[in-house]
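Before any comments, here is the structure.
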Amino acid sequence: MSRYPGSPRREIPSVALLEDDSFFGNKRLQHNLSSTPGLDKFRPLATGSSYPYDDLCLSDRQRMLSMQGGALQPGGHVNLFARENIGLLVNYFAVGVLNGIFPALVYPLFKVYLNLEGYQSNAASSLLNFAWYLKFPIGFISDSFPLNGYRRKPYIFIGWISTCIVMLCLVCMPNIEPYKRNGEIVNEDAHSYSPHYVLPLMVGSIGYLMADVACDGIMVEYAQRESEATRGQVQTMVYGARFMAEVVGTLIVALGLNGDEYGGTFSHSLPLSVVFGIMFAVGAIALVFTHFNLHEDRVIGQPLQQQVRSVVRLLQHRATWQITVYGFLQFFAFAFDVSPSSTISQVWLKMDPLSSSLAYCLNSGTYAFAAYAMRTYLLNANWRVIMVVAVLAGAVIGLPSVMITVFDVYRNKYFYLAKDLVVGFFDAFAMMVRLVVIVEIAEPGFESSTYSLVTTVYNLAIPVMTTSSNLIGSTFDVYDNDLQDDTANVRWHVAASFFVMYGLRIGLNLLILPLLPKQKFQARELKLHGSSNKLISVLLFSFFGIVFFASMVSNLLSIFESTSCLKFAGGGGC
């Protein structure tokens with residue numbers, strides 16, 4: 001189909017090359033070709049090809065890339081604001097709104113409104129986050145099982161329809177009285193209604209995640225059509241839209257659910273049905289724009305066995321496991337936090353929920369601004385230099401600010417939150433680097449699988465970080481009671497834990513820096529020339545599989561009262 005509205009739709013036929021096709025010089029290759037002459041015949045994404053890029057001869061691949069100005073797929077630059085493409089931006093904005101609302105709901109709804117115990121609210125949070133462990137299976141399904149010839153839009157429809165149905169059910173559900181109102185208990189059994197919210201919201205989170213994963217596949221396709229000089233504009237733009245939408249979603253909860261029944265200070269608050277209605281409307285708008293304003297070429301599916309073999313080869317390629325390892329360790333280093341961080345906010349700084357929520361909104365705003373800066377000024381900057389500057393700048397600003405708070409030179413919640421915003425701004429550049437590099441190694445025909453696999457492994461750094469933080473924190477006198485005593489010895493222990501945190505952040509990031517390509521060209525060279533190693537890939541992804549399994553067990557243990565106190569489950573110890 002033409003990329004311009006009003007032009008006739010065309011289907012892309014499948015043409016299998018002979019096994020001894022001398023043009024490719026590869027007797028094992030069978031490839032679907034577009035009916036479009038010229039470079040379109042190299043377009044695996046438009047044909048549902050299941051064969052990795054490295055099946056092509058090196059010389060032919062290099063010639064193909066040079067003819068397109070370094071683009072990884074043919075088709076030319078995509079204008080996201082064009083009528084047939086703006087649906088992608090709308091989808092990312094919709095995902096961002098829900099991604100802002102869902103985590104922000106946990107404390108006011110489950111902990112305060114329904115009066116759940118700590119372990120129960122943690123369990124609710126774990127169940128709402130469960131969907132993010134399903135990214136790779138959903139991505140593989142999207143790549144491998146086209147519905148009516150389409151790999152993306154049907155799954156976007158399924159995801160948003162599921163979310164809309166759930167939200168409509170929650171809107172129509174009879175109102176449940178809060179546990180307390182104006183300081184008086186009005187519903188002692190409020191906690192018993194928690195399943196009425198947890199289970200539907202869990203289904204809703206899986207729905208919008210499915211839409212998100214399918215959109216990631218489209219985003220990678222569009223990004224790979226950009227030239228080397230401009231590649232990254234599409235990706236940073238959609239993430240900027242998503243981060244700005246997260247600001248909107250968090251504000252809805254922070255300002256709308258800040259009444260007395262939610263533990264807030266406002267005299268009035270929004271009914272829960274209004275919040276669910278907003279999420280229904282967001283999903284419905286995304287559905288409309290997906291139908292009318294999101295173009296996708298038809299494809300022809302491949303046998304499942306063939307798809308699985310191709311993914312296995314993808315996992316064995318050096319580019320895949322090297323970038324995956326780098327992103328996992330980089331995310332671990334930046335996410336690593338010391339145990340007293342949250343207690344400092346509560347005990348020493350008297351942080352209130354509204355200030356904390358508004359700070360989270362501003363933090364999402366800084367991430368959006370960082371995405372804009374990356375798109376405008378740093379698309380072709382050396383990724384390693386960006387990383388070094390981000391790490392050192394964050395440490396130079398963050399560590400002295402923390403010491404000022406720890407040793408009571410100046411304790412002010414707004415000063416501390418401002419420090420978090422500035423450090424978060426530099427952290428955002430590190431996040432963008434580990435995401436833009438995925439586009440360079442993503443496999444045409446397996447865009448969603450590659451992107452979701454690598455980002456899922458990135459996210460596994462969080463449970464590893466939590467366990468490591470608890471273990472390291474246990475060696476210092478930094479428990480809640482210690483911070484309430486606020487003695488000189490306690491302050492030095494807290495300071496030491498922060499020195500460990502920043503030392504790990506700097507040291508680990510510098511240590512793994514050689515794993516990160518300098519820029520797009522070097523990433524492409526790694527993709528073209530990198531070897532395959534079955535043993536390394538088996539060892540690494542076995543480790544990630546164990547971490548994944550441990551994360552699932554940890555989430556399950558956090559649900560039950562008898563095991564929620566375990567440190568492995570995120571508790572303080574039984």
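Using N, Cα and C of the backbone, Cβ positions are placed for all residues, glycine too.
What TrEMBL annotates here:
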type     : residues : note
TRANSMEM : 89-110   : transmembrane segment
TRANSMEM : 130-148  : transmembrane segment
TRANSMEM : 196-215  : transmembrane segment
TRANSMEM : 236-257  : transmembrane segment
TRANSMEM : 269-289  : transmembrane segment
TRANSMEM : 319-336  : transmembrane segment
TRANSMEM : 356-373  : transmembrane segment
TRANSMEM : 385-409  : transmembrane segment
TRANSMEM : 421-439  : transmembrane segment
TRANSMEM : 451-472  : transmembrane segment
TRANSMEM : 492-516  : transmembrane segment
TRANSMEM : 536-557  : transmembrane segment
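Contact between the transmembrane segment (269-289) and the transmembrane segment (130-148) is not supported, since fewer than 3 Cβ pairs fall under 8 Å when only residues 6 or more apart in sequence are counted.
Counting residues 6+ beyond its ends, the transmembrane segment (356-373) has Cβ neighbours under 8 Å at 100, 104, 236-237, 239-240, 243-244, 246-247, 250-251, 253-254, 345, 417, 420-421, 424-425, 428-429, 431-432 in the same chain. Between the transmembrane segment (492-516) and the transmembrane segment (319-336) there are at least 3 Cβ pairs closer than 8 Å, counting only pairs 6 or more residues apart in sequence, which means the two stretches are in contact. As a quick check, the transmembrane segment (319-336) and the transmembrane segment (89-110) miss the bar of 3 or more Cβ pairs under 8 A, pairs 6 or more apart, so the two do not touch. Against the transmembrane segment (196-215), stretch 89-110 shows more Cβ pairs under 8 Å than any other of 89-110, 236-257, 385-409, 451-472, 536-557. Listed by sequence, the residues of this chain that lie at least six past the ends of the transmembrane segment (385-409) yet keep a Cβ under 8 A from its Cβ atoms are 330, 344, 348-349, 378, 415-416, 419, 422-423, 426-427, 429-430, 433, 486, 491, 494-495, 498-499, 502, 505-506, 509-510, 513, 516.
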